[in-house]
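Visitor: Quick one: the structure is below, questions incoming.
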Amino acid sequence: MEISSKENTQFFSNNTILPVDRSSFKSESSASKEKQSCCGGIKIFLGALSFVYFAKALSGSYLKSTITQIERRFDIPSSLVGVIDGSFEIGNLLIIILVSYFGAKLHRPRIIGAGCLIMSAGTFLIAMPQFFMGRYRYERFPSTINSTVSISPCLQDKSQTPLSALEKSQAKINAGCEKEAGSSMWIYVLLGNLLRGIGETPIQPLGITYIDDYAIEENAALYIGCVQTVAIIGPIFGFLLGSLCAKLYVDIGFVDLDSVTITHKDVQWVGAWWLGYLIAGVISILAGIPFWFLPKHLPKPESRKDSSTSSEQSKFIAEDNKDQHKSYQQQVKIAEMAKDFLPSLKNLFGNPVYILYLCASIIQFNSLIGMVTYKPKYIEQQYGQTSSKTNFVIGLINIPAVAFGIFSGGLIMKKFRISVLGAAKLSLGSSFFGYLLLLSLFAMGCENSDVAGLTVSYHGTKQMTDYEQALFSECNSGCACSKNDWDPICGENGVTYISACLAGCQASNGSGKNTVFFNCSCVGTLQSPSRSSSAVVGPCQKGNECPKMFLYFLVISVITSYTLSVGGTPGYILIAKCSQAGIPAPVYFGVAIDTTCLKWGSKRCGGRGACRLYDSSALRYVYLGLTLVLGTVSIFFSVAVLWVLRKRSSPQDETLSANGERGTCGTKSRKDNFVNSDRLIQTTYWPEKETRL
């Protein structure tokens, strides 16, 4: 019985132990499953966010590639195009603080998904004017339009022109006047870009903080780096898409392409700018779909539950996990959040390093944003390149150089464990050498094309003063010509003439792109006054030295982009969040560029249209000069930042940094000041930072 009793006791004791072991096993199993669920969920979110970054970078860069196309299609000046371009940042600025500060309490993935829908709606809206404003009409003399009627370009006697042809021409002008209201449809492009800015606002602040909240701490930086890397690919595809669409005629699918009498090399050519926006809009819709099926919260990793580091969600909003089942009104306590906002803002602007660096970065980004916005126009006008080739070069050469520069800067920071003071030195040095390289581009420009009556007189002398009166000369005095026309032809003497009429051409042969003009009295005056010569449709090519200068420009431009990008990484977090003040840059850059115009186009019912020809030298000095002046001012502010950091740092701090510790701020209180500043900085995102450099 004793044995039996002992066996029973042992049996029951074993039974009492077994449930404990199973419970422990279950807890370990659930923890393992929770970890797997966490990792799986965050990786799905990471993939979706990377695709969104790609989509928004693609649409943003595509907009840059279509700046000149939009200007020609709507017949508007560069200053107005600058307003359209800056409307994106205006839309972003309208709701960035609300989204970043209060959005973390809401369903972040769904807010990002809604943002993608708004972004795609804005992208589609940009393309809509193409379907409502009628077909594109470029300036062409009737003799170059495919027809059986032969009309002399120089209308010495209007009675020689068939009445039916004059009536048809007048009817086209009247039809153009009836549809002239379509030129105001650029407002829809502005509103669409504004919507794009509103839609893209939640992607960066809410997406990055979602990763920061639910990713394992040692993996968070890697995940964010992956997102930014994918974002760099977007501009490459955006500019390549812009290059492809620029080769297609604007009304492709709506008109017979054989009837088009201009080529993509013509200054009046407008590519299928709207097509890329439709593609970008579809991509934005697809990118937003996964976010509607992602959870509001993911299981937090164990290492994050007791971590002192936190994102905006835990930094600004005291989240009560015990009351998750309360209503929305009880969860979101706006008064409490607003109470913490002003003290955080006060601490932020009380930091002299931040204020000085803010000024430096605002001025620097005004410089870079203006330069990048009008870089396609500069290449087209300065070096005589087509829009298609310009976009191809920027997408395939410049953007990869920027990506490699950012990677190199990060590698240098990690390998040499550079401190805050060292980062400021690296940023200042790269900016200095970058703008120094930019200075060399002043010597790499092309001379003005020889255009009779604009850059050269009909007798071959340079430096025209009053170009409007100089358009008329003795050689074309007997012709009934208009000074507002822009239908350039190239004389066999290598000089461009604004129109066949102003060239004094008496006859023509052929039609469309193959038209040849004969007996052009003004063409012969430059070589032999007694000899009349011929001309062909389209402007003459720039000088023989221009292709070589363009090659030099590309080399220096790539090196400059790389140099500036290397210095961008050390101050990346700070720079990339405070560029909303870059909004005016495209506007005043556009106004300055408009002052260099030699020949303005005319709208069909009167009024000034888009610029047809720029003064190459003046454009070079204005474009590069404005960029360098702003860059130089930013360098002075960067020197002030370096001086303040050096003054605040102590030898002990630099010793710690050399031994692998981060930062030059040794005391805890100093670190706290920077923590508050850095967290609030994250709420002001620099939109389209992937496309600006």
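Every residue, even glycine, has its Cβ placed from backbone N, Cα and C.
Sharing the features that TrEMBL gives for it:
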type	residues	note
TRANSMEM	40-59	transmembrane segment
TRANSMEM	80-104	transmembrane segment
TRANSMEM	110-132	transmembrane segment
TRANSMEM	220-250	transmembrane segment
TRANSMEM	270-294	transmembrane segment
REGION	300-324	region 'Disordered'
TRANSMEM	354-372	transmembrane segment
TRANSMEM	392-412	transmembrane segment
TRANSMEM	424-444	transmembrane segment
DOMAIN	469-524	domain 'Kazal-like'
TRANSMEM	621-645	transmembrane segment
Visitor: When you look at the transmembrane segment (40-59) alongside the transmembrane segment (110-132), do they share 3+ Cβ pairs under 8 Å, ignoring any pair fewer than 6 residues apart in sequence?
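Guide: Checked: the transmembrane segment (110-132) vs the transmembrane segment (40-59), in contact.
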Visitor: When only pairs 6 or more apart in sequence are counted, do the transmembrane segment (621-645) and the transmembrane segment (354-372) reach 3 or more Cβ pairs under 8 Å?
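Guide: The transmembrane segment (354-372) and the transmembrane segment (621-645): touching, yes.
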Visitor: Counting only pairs 6 or more apart in sequence, are there at least 3 Cβ pairs under 8 Å between the transmembrane segment (40-59) and the transmembrane segment (392-412)?
Guide: no
Visitor: Find the member of 80-104, 220-250, 270-294, 424-444 that has more C-beta pairs under 8 Å to the transmembrane segment (392-412) than any other listed stretch.
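Guide: Per the Cβ count, the answer is 220-250.
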Visitor: At an 8 Å Cβ cut-off, counting only pairs 6 or more apart in sequence, do the transmembrane segment (220-250) and the transmembrane segment (80-104) clear the bar of 3 or more pairs?
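Guide: Contact criterion not met.
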Visitor: Just give the helix, strand and coil counts over the domain 'Kazal-like' (469-524), going by DSSP.
Guide: 12 helix, 13 strand, 31 coil
